[in-house]
Amino acid sequence: MKWTKFYLPDAYSPSMEQLVYFHDHTMSIITSITILICILLNSLLWNKLIDLNMNEHQMIETWWTILPTIVLFLIAIPSLKILYSMEELINPTISIKSMGHQWYWSYEYSDKFCKELESYMKYNKKNDFRLLEVDNKMKAPFLTQIRMIFSSSDVLHSWTIPCLGIKMDAVPGRINQSSLMIKKPGIFMGQCSEICGTNHSFMPIMLESIKLNKFIKWIS
């Protein structure tokens, strides 16, 4: 991401790729409708309105009822497919539990080796990302199906990383889950996107994607 970028962030997960494709698909439909409406408005402004046969035209009324329904189906069907695919869990290899606290995140790896860590925002240094750098990064292997489990110990939080297409609320007393599959190695950043209190803007998320063998060495 760059400061001058107006488009969506680059996709690093299948879910985000599908969301980008759906955005392009929907924008092409909206652009086509906007151009059509502008053409019709232009013709209406310059029309003399003397064609009496246009007063009763049942076929036009039928089509301008059917066409919007077809357009809504073209938008709704891929939207529902993406929604259900994001909620689907397909044989996860690793489960990671993320707990929201005031005002930091904690992560728990408890599949085979029990490992816990707390992630606080770091104070600004010369080479750090401002308001995004943390002392303990969450680590996860890429090209591996991961199950993310979310909850909170106090108030509502929301675990969000835009370029991975994942956003899930952390609700106290409740467990939410979501699937995650990272396609490339790297460091991915996000922030709590729920207005959870005074220090809401100081709850950054930093995920480091590494190879599976390095992840096994790190967790063991």
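Glycine residues also receive a Cβ, built from the backbone N, Cα and C atoms like all the rest.
TrEMBL has this to say about the protein:
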- 1-90: domain 'Cytochrome oxidase subunit II transmembrane region profile' (DOMAIN)
- 91-220: domain 'Cytochrome oxidase subunit II copper A binding' (DOMAIN)
- 20-41: transmembrane segment (TRANSMEM)
- 62-84: transmembrane segment (TRANSMEM)
* Express the predicted model's confidence over the domain 'Cytochrome oxidase subunit II copper A binding' (91-220) as a mean pLDDT, rounded to an integer. => 89
* Structure fact -> Counting only residues at least 6 beyond its ends, the same-chain positions whose CB falls under 8 A of a CB in the transmembrane segment (20-41) are 8, 11, 71, 74-75, 78-79, 82
* Just give the helix, strand and coil counts over the domain 'Cytochrome oxidase subunit II copper A binding' (91-220), going by DSSP. => 14 helix, 61 strand, 55 coil
